[in-house]
Ligand SMILES: Nc1nc2c(ncn2[C@@H]2O[C@@H]3COP(=O)(O)O[C@H]4[C@@H](O)[C@H](n5cnc6c(=O)[nH]c(N)nc65)O[C@@H]4COP(=O)(O)O[C@H]3[C@H]2O)c(=O)[nH]1
C-alpha cells in the first residue's frame, strides 16, 4: 500500500526537528556553563524534556504527515513509550555533552547508542500504528535509517560538545547552522525509516474506530510540543540574554577591578614603602612586596603571623598602645618609630602610620604604611655624634658635656643629691707636644682619655674640651671622699709612664673640683669654678686635685677682673712701656734698653707685668698687646735715634706670639712703620719658647735674624733646655737670669753657674747680658768674668720714656 505525504506536516516536522536540535545544542552549553549543581540539574532535566519532546514531536508529526488510504489509529501506550525513548536519548545526549571530556571512542559509542535510541523511538512509534497485517521493513533502507541516525547522533553530540563552551553572539549562528544540519539529518533518518516501511496493500486499521483524527492529533502534538520547545527556547534566549548582560557587567567590573588592582600593585610594588593590612589582633592579612627588600621576608612568610612578635621588646608596648588607639578610631597625626626584626636577625628602624579600615569591607583591617628609616637615623646619629664628640678621642665635647651636666643638675635637684665636676689639665703636655710633634701629642691624648675613662663608672661622663683639658662629670656622689677617690685614681693612672712611639713619657694632671649645689647651680658656673680650682692645683705644684673654695673663688674673680680690665685697657690706652738701660760693663756706656710693659690702672695705679702678663697669655690677649709693644718700642727707639741716642731696644716675646702665625709680618711692619733699623731691635725669648715647636721657631728666628734683628735668650739657666739647642738656634746673646746674679757674693753655687754661663757664651761667641745687678759687688764680679753688658737697679730702674730721655741726657 502506498501513502502520500502531507507537505505542510513534513515542513512542520522539519521545523520542529531543527528547533529540537537547537535546544539540544543550547541546553548542552547551559548545563555546562551553569555554576551551581542544582542549576545544572535543572537545565539537564528541562533540556532533556524539551529536546526529547521536540524530537518525538518531529517524529510523530512526520508519521502523521504520511497519509495512508486507510484510516490509521495509534496505540497510545506504545506511542508514549516512543516518547519515553526520545526523552531517554535526549537525556543521554545532554549528559554526555556536558561531561568534562569526550574522547573519540566515547563519542562514537555514545553516538551509536543515541542513534540506535532515536531509531528505536522511531520504530517503536511506528509499531504504535494499529494496522494489520503488521508493517514489514525493507532491510537496506532500515539499515540506512540506522546509519543516518547514528551519524546524526554522533554529529549532534560532537557539535553539542564542541559548541558548549562558546558563549559569544556568533555562537548563536553557529548553533543555528548546526541545528539545521542536525534537524535535516534526523528528519532524513525519519523519512528513510518511513520509506523502509512496507505496508501491505490489504492492510486495515485494527482499531475499532480511530480514536483521533490524524490531522487533529498532529496539530495538538505540534502545538503542545511546539509550546514546550518554544518556551524552552524563549527561556534559553532570555537566560542567554541575562547571562550576557551579567557577563558584560562582570567583564566591566573585572576590568575595573583589574585596573584598580593594577594601580594598587604598581603603587605597592614599585615604592619602597611597605603596606600591610592587619587584623585587630595584629595578624598580618596582607603584606606588600616591598617588605622583601626592607625586611628580608617574602610577604607570604608574614601573612598569618602576629606583627607584634617581630617588634623590638622595648618598643612593643608603645606600638601596641598606638595600635589600640587606632583600633579605637583615633587618627594618627605623627608617625610612630620602632625597631622591627629583619629576617637576618638585625633590628631595622621603621616609621609607620596606621589607619583603621575595618569598616571598609574591601579592606577589613588596619592598614599600616611603614618605611625603613634605619639609614636616615644612622646618618642623623653620625651627624649628631660628630657635632657632640671630640674627633681625636671620641669623647663627648663641650656642648654634649654641658647638656649632660644640665641633665645631671635636674636629676640631682629632683632627687636631692650632689654632683661633681672635675676639671683636668694635663701637666707638661704642651712641652711634649711641642718637642716631640703633634702625632705623639695626639696619641698621648688618646691614651690619657682611655685611662681617665677606666677610672670611671657607668653613668659618669668624661669629655674633652680641647687641647689637654678634660672634664669629668660624676652625676651623683655621697661624700667628698667619693670624689677624692675618683680624683686619686685619675692622678694615679695619669701619673704612670706612657709609652708612645718609642718614647717613655711622664705627665701628670692638675684637677679642680666643683660640686652642685654648693659651688654653683648651672653648668657654666660649675665648670668655671672647677677651672679656677684647677688653676689653684697647678699653682700648688701640679699633679694634685683641689676642691673649689671661697679663696679660690676670689683668685678666680681677680683673674676675671684682670682679664676684663685688660681688654678695656687696650682700647683706652692704659698700657705703657718703661725702658731699663743696658750698660756696657767695660765702657760704662748705655748701649741699649729693655722695653718693659706697665699697666696704668685707673684705680690700682701702675701695675707691673707680673700681675697681668700671664693672664694676657692665657686669654690670648698677648697677641694684640705684643703687637702694640713692638710698634710702640720701635717708634720710641727711632725717636731716641733721632735725638742722637742710637740705642738697641730689647723686646720680650711671649710664646703665644709665636703661635699666632703672623709674628714675622708684625715685626717687619713695626720696623717699616717706625723706620728703626733692624739691627737696633733685639728680641728676647725664653728657653721654653725656644724649645716649643723647635723647627718652626728656629726657622722664624733665622728669617728675623737674616733681616739684621738680634736674638737673646732671656732668663738663661732657669729653664730646662739642653745646651745643644744653643748651637741649633740663631742666638746672639744670653741673658743671665737675675736669680743667679742676686746671689753673687752669697751663694757660691750661683756664682759657679754664672761663671759657667759666661764661659759657654764666650766659647760660642755669644754676647752676654747680666740682669738684676743691684750692687757694686755683683757688678765687679761680672765685670771680672768678662760679662759684656749689665742691667739692673744699680744703673737704673725701668723708666718711662721722658725719664729715660732725661737719664740719657744726664749720662752724656
Ligand atoms: N729685683 C730686681 N728686678 C730687676 C732689676 N733689674 C730689672 N729688674 C726686673 O727684672 C725684670 C726683667 O725682665 P724679664 O726678665 O724680661 O721679665 C719680664 C718679662 O718676662 C715680662 N715682661 C715685661 N715686659 C714685657 C713685655 O713687654 N712683653 C712680654 N711678653 N713680657 C714682658 O715680665 C717680667 C717682669 O718684668 P718686670 O716686672 O718689668 O721686671 C723686669 C725688671 O723690672 C733689679 O736690679 N732687681
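Start at 1 and count along the chain as shown; that gives each residue its number.
Each residue, glycine too, has its Cβ placed from N, Cα and C.
Among the ranges 107-129, 245-267, the stretch that TrEMBL annotates as transmembrane segment is 107-129. Listed by sequence, the residues of this chain that lie at least six past the ends of the transmembrane segment (141-164) yet keep a Cβ under 8 A from its Cβ atoms are 21, 24-25, 28-29, 31-33, 89, 93-94, 96-99, 102, 107-108, 110-119, 122, 171, 174-175, 178, 181-182, 185-186, 188-190, 192-193, 195-196. DSSP places the residues of the domain 'GGDEF' (417-550) in helix, strand and coil in these numbers: 59 helix, 45 strand, 30 coil. Per-residue pLDDT, averaged along the domain 'PAS' (260-330), amounts to 89 for this model. Among residues of the same chain six or more beyond the transmembrane segment (176-196), those with a C-beta under 8 A of the stretch's C-beta atoms are 10, 13-15, 17-22, 24-25, 55, 58-59, 62-63, 66, 118-119, 122-123, 126, 137-142, 144-145, 148-149, 151-152, 155-156, 159, 163.
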